[in-house]
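Per TrEMBL, the features are:
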- 9-43: repeat 'PPR' (REPEAT)
- 111-145: repeat 'PPR' (REPEAT)
- 212-246: repeat 'PPR' (REPEAT)
- 247-282: repeat 'PPR' (REPEAT)
- 444-491: domain 'DYW' (DOMAIN)
- 553-575: transmembrane segment (TRANSMEM)
- 594-707: domain 'Plastocyanin-like' (DOMAIN)
- 720-871: domain 'Plastocyanin-like' (DOMAIN)
- 988-1117: domain 'Plastocyanin-like' (DOMAIN)
Amino acid sequence: LFENILEKNIISWTAIINGFYQLGDFEKALKLFSSMRENGVDPNEHTFTIAVASCGSVKDVDSGRMLHAMIIKKGMALGNFVGSAIIDMYSELAEMDYAERQIKYMGKAASIVSWNALIAGFIRNEKIEEAMKAFNDMVKIDAACNEFTYSILLKACSSLPSLATCQQTHARVLKAKLELNTHVGSSLIEAYTKSGSLENAEKVFSQLSVPDVVSWNSMIKAYSQHSCPRKAIFLFRKMIEEGNRPSSSTFLAILSSCSHTGLIKEGQEFFKSMVRDHGIPPEERHYSCMVDLLGRAGKLEDALEFINNLPTKPTTPIWRPLLAACRCHNNLEMAEYVANQILELHPDDATVYVTLSNMYTELGRHADAEKQRKLMTQRNITKEPGFSWIEVNDKIHKFFSGDNMHPESPQVYHKLKELRSQIKDISHALGADICLVPEAELGQAKEDIALYHSEKLAVCFGLVKLPARKPIRVFKNLRVCKDCHSFIKDVIYARENRACLGNRKGRENIAINILFLFFRLQKVQCHVIETTNFSFLFPFISKFISQSMKSSLMPSSPAVFVAFLLFVMTFLLAFPEVAVAKDDGITRHFTFNIQLKNVTRLCHTRSMVTVNGIFPGPPIVAREGDRVVVTLINNVRQNVTIHWHGIRQLRSGWADGPSYITQCPVQTGQRYVYNFTVVDQRGTLFWHAHISWLRATVYGAIIILPKYNDSFPFAKPDKEATIMIGEWFNVDPEAIISQALRTGGGPNVSDAYTFNGLPGPLYNCSSKDTFTLKVKPGKTYLLRVINVALNDEFFFSIANHTLTVVEADAVYVKPFKANILVLSPGQTTNVLLKTKPIAPNATFFMLARPYFVGEGTFDNSTVAGILEYEQDSSISPSSVSIKNRLIFKPSLPALNDTKFVANFTRKFRSLNSPKFPANVPLFVDKKFFFTVGLGTRPCPKNHTCQGPGNTMFAASVNNISFTLPSTAILQAHFFNQSTGVYTTDFPDSPLKPFDYTGTPPNNMFVTRGTIVLKLPFNTSVELVMQDTNILGTESHPLHIHGYNFYVVGHGFGNYDSNNDPGNFNYVDPVQRNTVAVPSGGWVAIRFVADNPGVWFMHCHFEAHVSWGLMMAWLVMDGKLPDQKLLPPPFDLPKC
């Protein structure tokens, strides 16, 4: 038809060229392009695009460059089509330098298509870091990324593989509001799978409303690679039941899963059903899987018969798994036969020579082994070097066997030898995968060679560089040897680390946490076994096994072995606290005597409740990993409990402290031991009484130092100081709140604010009670600032000094400079103070003043302290007159400067570093919307109340004003005695929505009750808390016990569930335990409910708590032993 066209124009030429291009005849397309030019027809943009793409497909470098030159010479605009085709062509030609130059040449004309082509090119050429850099460059110029961009980027994550990068990319996908029901979803599943996070892959799949075949395949493949065959089979059958037609790739994934886990019958049945039930002809890769299935199970003859009966001539990929099986099961005769079959097809296959050489060496046939090595040398055949890699601090570290090139090799080898000595008594058969030297010549060296495999070096590097209990993910380019499998098990057993070891091609991916390695004696397969920390038993178990083996007790008497295991498990059940005790900390004992003490401030002396007669109370100083034991003895008439504000209390909710939530109060003359371990926390927190208003005087700092040999993520300060901002009442605070609750009105305000219990010189009769911080010039001080006040948020500043914020609520943050801090009650902030290089002749005030935007009265005074420089000892005291010193006072914002507070709050970002990652839940199982605010309740009959309209002040969450029960909720839950104590029907959102920050509703009454919200273990939660204008808007500092949470978003006005999540921060949100819901606004948080127990959530304005602004989360036990609440201690107080 084309030949019959008399006048061929550019349209007809382009059509015919494109036709051959679409058929895959690229050379014909290029010949036609040349003919077109010879006939005097100038190509247009579309024709050039086809020709350029054809050059890339046939790998014609010269023609491709010539076409590029022609395009430039013609001055053709390099838009979406031509520019992208040129980039793609250079990618096909592995000329990525030219591709990168092209994108720079295009400048702003480069579209998202061009950028996608560049990123895909880098990935195609295995330049993963360059691909990530190109993506970042694209983001910097505000290019609009689409689903194809993220799909390509996720392939880079799969190639690295890097879990952190994968999570960050996922966060960008969510922020871009992209639909997961595309190839983005399947790409996410694959990326998480190869990064070692099966849980995240499952969550992505569960978010797909209508999974396509590719997504089903990706999830089935994920289960296959993570050794979960039953889940893979279940998902395969579910896929069929829902009307999806499986593809060739589906069966490849399911067969691979059966192969790696020994499900022979199931694998054979799936293979038969491919043709029988689904009409899918088997391919080479399916045949290879079947051979691997039979070979791994030791059915070598069956595997050989299967190959011989194939309808086509077997290829090398089909023979190779049988050779590996012969190696594994020591069948040399068949290995030689299979090797000859492979060498006939591929004489230069290095795997054959190495496998035979290793087998000959193990059988003592060293001459035959030497012959194989000589043949490799003569034929110039080299084996692909095996190497492993691990990601630490956003950097990939590669290791080869016996590698000494890494800069930290000495530490790695030291750790390896240390582990070797620890696991010596649980010796395992050393593999000989790389042992090509006669054993007689090696002696002890044989063990050393196997010891230095690349996998082991990478694991040891992870142990050296990564924090304890952080997953160690090691990847290898080749198959993982048996010895290294065993080694990893031993290391996990001895060191209590969870490891993920896999290879890049997905042939192996194991995640093991083995209780006792010698389960292998009973032929138990290596599956995932979750345990608590049993490392403390290691010396006893090791000695037991060693002696048993020497006496032949173990092989001959499995019953003795089982009895020993039962003894161990019984011991752990009887003493569960031992199982969770940390072996990397010490136990620190404290005694808190609750006693009265006369204290004078503002010329008023009153008797107040204190700890050990000290106001403020003594600090608790410990290190991360330490066990803290505090014996509380109550010597006053008031009931007492102590809360360790911000301590996670993992599985130790009995020590959390809120009265009638986790414990009954400690009554007069009684004692109670608070026993908890500080897990994965370091920084500044505080403790305080958690009953009525006793925390006005019963409080103190908690200082958690990093572990020994750990350091701050900032320069080590020269000195530290704690500054607690509190309140002073001239009368008993208990009498104040009692009167307020009786009358229904607001409580009286404090008489002064304090720094560490001292009001300072700005109050009458208080100049001697002034906190003074003495500093030396040219030094750096770490200030631990804590708001311990009952009812006030504060601005804090030090005159003429800039502070660097480095931590909030005992979580490190990205450092930022600030002249003024804002702290809500319950919040802590660590800052670095750099003093001036020379001591000035001046006095600098530090001030704190309230931030207040609500209705009602408040204390509008200012507390002052002094920053005083120590003068050089060489300077005469007479030359420095204190009276002549200049006095500097800081300038603080207006008391209602909400804009300043909002801007300050936005500056907080988590470190999100490899050592301190921001593990933000990217998926949420449950979303909650809570209103928090004030309201009223009816005045009792025949009474006059001081609340609005003769009512009583109240406060609520979702219009429920929480009422404390008469016994502890945690105790009622644990003993299954909830009837009459609490109910679990707390609403997920307000029952009657209204304009929350607009015109107040007519009905201001609250509902009262003891209602908790029940969560299954490990539920990922998103909670939006909305302020209300029922009695006027007001800030509410909300604190959640037992958890840290990520503050992913905040704003003003009514929360918009459709638009506001688009601005959430999933990458580096700050992590806190207390967050202020802005006045007339909302805040969004996320956390994972992974700590079983009953956890109080309440406003940290004590007046609002007294009115009922609180609720509780009931987190159920998980399935594993370390996911369950521990039993109560024997001395738990009774109500």
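Any Cβ shown, glycine's included, is placed from N, Cα and C.
Note that this is a predicted model, so its numbers are computed, not measured.
Each of these features: where is it, how hidden is it, and who are its neighbours?
With a threshold of 8 Å between CB atoms, the same-chain residues lying at least 6 positions outside the repeat 'PPR' (9-43) that come near it are 2, 50-51, 53-55, 57-58, 60, 63, 74.
Sequence-distant neighbours of the repeat 'PPR' (247-282) (same chain, 6+ residues past either end, Cβ-Cβ under 8 Å): 213, 216-217, 220-221, 223-225, 227-229, 232-233, 236, 239, 289-290, 292-294, 296-297, 299, 508, 525.
In this model, the domain 'Plastocyanin-like' (594-707) carries an average pLDDT of 97.
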Let's see if you can do this one: DSSP helix, strand and coil counts over the domain 'Plastocyanin-like' (594-707), in that order.
6 helix, 58 strand, 50 coil
Report the DSSP secondary-structure composition of the repeat 'PPR' (212-246) as helix, strand and coil residue counts.
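Per DSSP, the residues of the repeat 'PPR' (212-246) fall into 26 helix, 0 strand, 9 coil.
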Let's see if you can do this one: DSSP helix, strand and coil counts over the repeat 'PPR' (247-282), in that order.
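Computed counts for the repeat 'PPR' (247-282) are 29 helix, 0 strand, 7 coil.
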